[in-house]
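Worksheet: one structure, shown below.
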Amino acid sequence: MDPSLLLDQMLQDVSNLPAEFRYMLEEVGLEDEQCLELRKRYQQKEGILHKYIKQNGSLAANPKEDELLAEVEQSMAQVRELQEEKCQRANTILFLVSRHLNKLQQNIIMLEEDGLLAPAEDEMESGPDFSRESSVVGSTVSERKRKAASEDHPRRKKQSRSMSNTHREKSYNKGDDTADVKSPASTEREGTLDLQNYQEELFSSMNDNEKEDQNLYCFCQRVSFGEMVACDGPNCKYEWFHYECVNLTEPPKGTWYCPDCKQEMSKKLKKKKQ
């Protein structure tokens, strides 16, 4: 395998990412502004209610209380919806970064196995020439060394609490001119796709030629599909789980551990107490 060809392909794969990320971050910024405006709105309504109580006492009925409370609840629901959309966009960015780092890692392994690239450990021992490794690549290689259970189960860094695995394979048609490729972000700008369809198109467009996400995950040992959640256990055997396999219907709040990791942590806790 020619290293220059791998480099050219990698650069081609990531060439559209800056525009995609810029668009998604701009959308997050706009949603932040909407959230702030909605917060001001419902805080103003709450202020009216508190002012009435101060002036008339808590026992006096406010004729506008039901109307004001309904407006407060509506604004809070809109804020919650916007926050969820922001999380989806952030998860999309993190997922794409992780995906390309994983591909870069696999290319490094391939070159090392072909003898075209010295292993990372040998380079560090032979001298201070780290030109091949940026801090990101170095951390990726370390992750590979730590978690290389098998080639069928490459570990993805825990970049999000959960992610939508609608990244079905569709060709980027690499022979075409880059200018002719219409990005999912530009499609959404035209208003033809909602957020969910945008994510589906974004993930779909990545990997028909790469065929790199046929790995098996979860207790069920099936490929990724639907919603998936990452276990926060540092030594989790599977790391990613389908919602249905762990009885989840929505993203968990805070830290989440799979049943196996919970059991292992419980055993360690009992040993410490003894």
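Using the three backbone atoms N, Cα and C, a Cβ is placed for every residue, glycine included.
What Swiss-Prot records for 121-194 is region 'Disordered'.
The compositional bias 'Basic and acidic residues' annotation in Swiss-Prot covers 166-180.
Each residue in the zinc finger (215-264) gets a DSSP state, and the totals come to 10 helix, 9 strand, 31 coil. The feature zinc finger is assigned by Swiss-Prot to 215-264.
Here Swiss-Prot flags Y217 (among others) as site 'Histone H3K4me3 binding', drawing on similarity to another entry.
Taken from Swiss-Prot, the feature Zn(2+) 1 binding site applies to C218, C220, H242, C245, supported by similarity to another entry. The Cβ neighbour count for C218 (Zn(2+) 1 binding site), using a 10 Å radius and every protein chain shown, is 22.
All chains included, 22 other C-beta atoms sit within 10 angstroms of the C-beta of M228 (site 'Histone H3K4me3 binding'). Taken from Swiss-Prot, the feature site 'Histone H3K4me3 binding' applies to M228 (among others), supported by similarity to another entry.
Contacts of C236 (Zn(2+) 2 binding site) defined by a Cβ separation under 8 A and a same-chain sequence distance of 6+ are given as Y257, C258, D260, C261, in order along the sequence. Summarising the annotation, Swiss-Prot assigns Zn(2+) 2 binding site to C231, C236, C258, C261.
Annotated site 'Histone H3K4me3 binding' per Swiss-Prot: D232 (among others), in sequence order, evidence recorded as similarity to another entry. D232 (site 'Histone H3K4me3 binding'): 16 other CB atoms within 10 A of its CB, across all protein chains.
Sequence annotations record features per position, and here Swiss-Prot assigns site 'Histone H3K4me3 binding' to W240 (among others) based on similarity to another entry.
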Surrounding CB atoms that lie within 10 Å of the CB of C220 (Zn(2+) 1 binding site), all protein chains: 12
Sparsest-packed of the listed binding-site residues (C231, C258, C261) - C-beta count within 10 angstroms: C261
Spatial neighbour of M228 (site 'Histone H3K4me3 binding') that is closest, considering only the binding-site residues C218, C220, H242, C245 and their CA atoms: H242
C-alpha spacing of W240 (site 'Histone H3K4me3 binding') relative to C220 (Zn(2+) 1 binding site), in angstrom: 11
